[in-house]
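Structure record follows, encoded as structure tokens.
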């Protein structure tokens, strides 16, 4: 069978209440798969690429067609199995089992390298699923905006007396993930200068209001930043250039930003990071003709990029890795002190993870933005005392452009996820919203990932690389009745550096859905509290006691068992 990764076809999820599949439990994954490939959502939908270098929704177009057909036919007591973007089986299970189980990009550890993966990919035997690309719950750049916003806000608290007014962030990358940075900085009160080597990505971010302005030159960009910071305005500026050139130049000029980070697709040197002096078309061509040489050229440029970040850090500028593994790539090219600046999780986010707080997201399958606005109001009603969360929801409504099906994200923890899910399900039952809602999350969450250079960097007990935790998370979500569950490898930081799990559950207004929601939206964040309590974090232990978790070894350690 010929296999095609390119098709000139526009995919959009159906809207409204007319079903293509046999129930909302199978209509939901069908619509979310299609939504991942909506041209307003995906970076390169004609090649099935959703975000993050080559993060795909399906292995090839033949597989996509087969997945759509299988979901359309799937019965209420059947489960579809997806192996690296390919539908490989439909099995009889039961009504409360997941309707889809997904495994993407998983390799035996010794073979978990980009070189081996690329060989398999070329043979049509594997697919890189990133995190939410291959698990069909990507919602565009909004999916990471609040996490980036929370990171910048916490950096402001730690370094600048609680405010980023009059400050500016230097970063790079305006792809599916990096595109969130300028808007997050603006919402946090800071100016930003984001370097991006592809004009098309800048154009997209300007069109969707994630970036305010584009500068013509570096001098122009710096003049704008100087003017806006002096005036106390939070304005985002993009510059079309290569970060491997611009950051060293800024160091040479003695320019001093207030925060430095990066969200280029450095995790994938073959497809995601343009070598200095190359054009993008040249990069794509060389990736096919000379993959090893291309990867080495990209990593040499990353080394220059990281040396500049280290120089900023040495100046006293708060500098952090935003989870793209650029430090690792630089270290492999001889930058021995690449890890002298921290990752964003140990620096700013881990206390949230200890309480099971992470990226809770939901999507209106109706396609009606009013359904999201009604759920926004419901969140404010239930989480009544959290004014920081209310402020986020207000800013999100004002500034965030929906991509594809309307969606929202807000970071909430173990205490609230189940309550919100049950409330959404009741809204569907009562007709307050016009169609069912799906609830999911990023794989970047407190209990669903092992990634020693990102989410689990510098764990208190040294368990950074232990990947039992995401496996247990996936197993528990399956046992709890999530609508679909995914287990991936390599997301965010690339092959060999992470394992992670995802889940999505449908709120269709039924009593059966409510029972599943009670289990899934408690157990899923509870695994994060469990994981951090097991690692010895007092905040997580306290949360486990408050929420009544049964953690035998933690209880024994605390003298309670």
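Each residue, glycine too, has its Cβ placed from N, Cα and C.
Annotated NAD(+) binding site per Swiss-Prot: 52-53, 130, 176-178, 196, 201, 242-243, 263-267, 273-274, 322, 492, in sequence order, evidence recorded as sequence analysis. According to Swiss-Prot, the active site annotation covers 410, on the basis of sequence analysis.
Feature annotations (Swiss-Prot) mapped to structure.
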| residue | record | CB count, 10 Å |
| --- | --- | --- |
| 52 | NAD(+) binding site | 29 |
| 176 | NAD(+) binding site | 29 |
| 196 | NAD(+) binding site | 27 |
| 243 | NAD(+) binding site | 29 |
| 265 | NAD(+) binding site | 27 |
| 273 | NAD(+) binding site | 30 |
| 410 | active site | 21 |
| 492 | NAD(+) binding site | 26 |
Take the C-alpha atoms of residue 273 (NAD(+) binding site) and residue 410 (active site) and report the distance between them in angstrom, rounded.
30
Spatially closest candidate among 176, 196, 243, 265, the listed binding-site residues, to residue 410 (active site) (Cα to Cα):
176
Which of the three DSSP states, helix, strand or coil, fits residue 52 (NAD(+) binding site)?
coil
State the three-class DSSP label for residue 492 (NAD(+) binding site), counting H, G and I as helix, E and B as strand, and everything else as coil.
coil
